[in-house]
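Student: Found this in TrEMBL, in case it helps:
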- 38-233: domain 'Reticulon' (DOMAIN)
- 52-76: transmembrane segment (TRANSMEM)
- 156-184: transmembrane segment (TRANSMEM)
Amino acid sequence: MSAFGETGQNGVCKQRPFICSILDPNAWFKPERLHPQVESLIYWRDVKKSGIVFGAGLITLVAISSFSVISVFAYLSLLTLFGTVAFRIFKSLTQAVQKTNEGHPFKEYLELDLTLSHEKVQNIAGVAVAHINGFISELRRLFLVEDIIDSIKFGVILWAFTFVGAWFNGMTLVILAFVSLFTLPKVYENNKQSIDTYLDLVRSKLTEITDKIRVAIPIGNKKPVAAAESEKDK
């Protein structure tokens with residue numbers, strides 16, 4: 001399995017894909033659906049590694065929100081280049097003094113295969129197309145009111161987004177999403193039982209309210225279970 005994950009029919013990810021693990025918030029709270037590397041990072045299995053990735057990512061995002069992307073890229077690249085050159089010189093001097101021949105200090109990374117195979121590119125394209133098609137179909141269903149309740153819910157979400165857009169800009173939302181990626185899954189794992197209890201209560205209330213609305217507004221293809229059973233009894 002590649003880092004990009006395996007794909008099933010229609011390019012849909014079927015087993016712990018790396019990219020889909022990050023982009024799918026539902027998978028964040030189900031470790032078995034995550035790519036092993038993603039699961040290890042966001043659940044802080046290795047605190048040192050997760051801390052480095054989280055800190056570096058957060059600093060980069062904050063820098064991008066304050067400066068131009070080009071400036072951030074240039075400064076980070078210069079900092080990385082300075083570090084690698086200094087380390088290379090240090091290792092060369094150490095080998096000269098100790099009269100050892102350990103080879104290039106970055107030999108392991110220089111020999112790492114970073115090429116994109118035709119299969120990987122096809123997998124990525126298949127995943128992207130599947131998600132785009134699903135997204136477009138869902139938008140069509142909601143805007144053309146296939147189910148009035150779902151369209152009303154969508155309208156409420158859009159209305160809430162108008163306030164979110166007034167409070168935060170896009171970069172702030174990206175930073176919040178990044179912080180949530182590294183905090184919410186671990187919090188859920190440590191308090192899974194109590195959180196699930198409250199979530200079940202909320203779901204049952206929402207289902208009850210939705211069924212009442214469907215009975216009051218009998219428009220759409222979907223019918224509540226209670227209404228369907230009553231029709232059968234008649």
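Note that Cβ sites are derived from N, Cα and C of the backbone, with glycine treated the same way.
Describe the structural surroundings of these features, if you would.
Tutor: Panel annotation: around the transmembrane segment (52-76), residues 41, 171-172, 174-175, 178-179, 182 of the same chain, lying at least six beyond its termini, place a Cβ under 8 Å from a Cβ of the stretch.
Counting residues 6+ beyond its ends, the transmembrane segment (156-184) has Cβ neighbours under 8 Å at 22, 28-29, 41-42, 44, 50, 54, 57-58, 61-62, 64-65 in the same chain.
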